[in-house]
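Taken verbatim from Swiss-Prot:
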type	residues	note
BINDING	30-33, Lys51, 87-91, Gly415, 479-481, Asp495	ATP binding site
Amino acid sequence: MAAKDVKFGNDARVKMLRGVNVLADAVKVTLGPKGRNVVLDKSFGAPTITKDGVSVAREIELEDKFENMGAQMVKEVASKANDAAGDGTTTATVLAQAIITEGLKAVAAGMNPMDLKRGIDKAVTAAVEELKALSVPCSDSKAIAQVGTISANSDETVGKLIAEAMDKVGKEGVITVEDGTGLEDELDVVEGMQFDRGYLSPYFINKPETGAVELESPFILLADKKISNIREMLPVLEAVAKAGKPLVIIAEDVEGEALATLVVNTMRGIVKVAAVKAPGFGDRRKAMLQDIATLTGGTVISEEIGMELEKATLEDLGQAKRVVINKDTTTIIDGVGEEAAIQGRVGQIRKQIEEATSDYDREKLQERVAKLAGGVAVIKVGAATEVEMKEKKARVDDALHATRAAVEEGVVAGGGVALVRVAAKLAGLTAQNEDQNVGIKVALRAMEAPLRQIVSNAGEEPSVVTNNVKAGEGNYGYNAATEEYGNMIDFGILDPTKVTRSALQYAASVAGLMITTECMVTDLPKGDAPDLXAAGMGG
């Protein structure tokens, strides 16, 4: 086993604080409308330029093992805030640094670390309740656009795009961010349900100019099996031909004689048909077929429940206003399924989302909800260079998470004002003993840190601005972008409550652990390990 280097008490804490400061100082230059960029070197290709706190934090590794432990613990704060709310990583880092710095000063002055931690925890719990009381719902698209703008580092076009996307696909809809091809940002909205499976034969194409199959008011046959024998399908095909409508077949696969017969029928104009493979694999395919059945008012023909394809009637088929199929995707527009059944199915999937353990499963389930409930919007980010594209895409992603968080838990005044107001309200808070009271003061003083940092990055004097903001009331604050005071809500400077809450909770959690650290252990570098004495001769 490798030899260890052990540090105790103040020696350990000083090293740890140095690591915290290196990481936090690198991250906090990005805070606020006048935050600066950080350039990250890559082992290959162009360097990355970013204003995203968590991206900066993830890049930092320090040579000194003890300092590195401090830095890694604060990195955890940024990552956790990012996972919970998708934004607020820089705010969380600034808060953590402030609580740790003040807390370690108190420990050095002889306070009991455990009591300090209890005081900090009490202040944070009370602050979270106050934040909830200050929070106002974020429902109209103007507020959504403002939240998106602030989170994308004051880029108004991004805020407007996200608000427009949410308008189109609803609050539950899926919004994805992709690389664009031009210089301008674009928004593509896919209404209805779309899945990644195209036509099984190009002979089904009836719109050669677009290379797509477009069928108006078709019947939709859903089968959880491979179809290779045309005899199984004859009754359904005859019924559909009599009804004079087109038919879309969504099955595990359609092959051989069955596919050939469908192609011949289509080319001769006897019955318009298009066949596609069902989306997904295994159990997920069964679930997605059931989703399509709910949306179109049809039934999945599955041998598992004793249904046979030969016995299927028009009653078992789903219907939609229009189906568009191209090489890679199928879109079902305006299925005739009952609203109550669709909502029931959405509720069922939401329950599964709550119980899902892996992020991948949760993401797939959320996609299914979106496809049933609204639609899918794609924001295509435009930029002049690859480097700018990456930076902008990261900002749009942040803004998207922030707006989702705002819709979920509401918004508070931005620019660090909400935390200053909360700290003022809790000024009279006391605990069981003097050391715990100091812990409360440490947390309340730290709540001013984000405002101070925003002002500092804007090149103003933090103490003067902080005192002016404290002298005001309600949403009165400082707009660092225009360097004026006023109502933050009127300025359109809003922060999602969830982002502010998560930043404070995670910062306090890790800071509390670091304040109560008394010993640090790390491996000695190989060269520093004590040499073993040469073995003597046996006597």
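Cβ atoms are placed via backbone N, Cα and C, with glycine included.
Locations of recorded Swiss-Prot features on the structure.
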{"residue": "Thr30", "record": "ATP binding site", "Cβ neighbours (10 Å)": "22"}
{"residue": "Gly32", "record": "ATP binding site", "Cβ neighbours (10 Å)": "27"}
{"residue": "Lys51", "record": "ATP binding site", "Cβ neighbours (10 Å)": "21"}
{"residue": "Gly88", "record": "ATP binding site", "Cβ neighbours (10 Å)": "32"}
{"residue": "Thr90", "record": "ATP binding site", "Cβ neighbours (10 Å)": "28"}
{"residue": "Gly415", "record": "ATP binding site", "Cβ neighbours (10 Å)": "26"}
{"residue": "Ala480", "record": "ATP binding site", "Cβ neighbours (10 Å)": "25"}
{"residue": "Asp495", "record": "ATP binding site", "Cβ neighbours (10 Å)": "30"}
* Hey, does DSSP put Asp495 (ATP binding site) in a helix, a strand, or just coil? -> strand
* **DSSP-derived structure type at Thr90 (ATP binding site), helix or strand or else coil** => helix
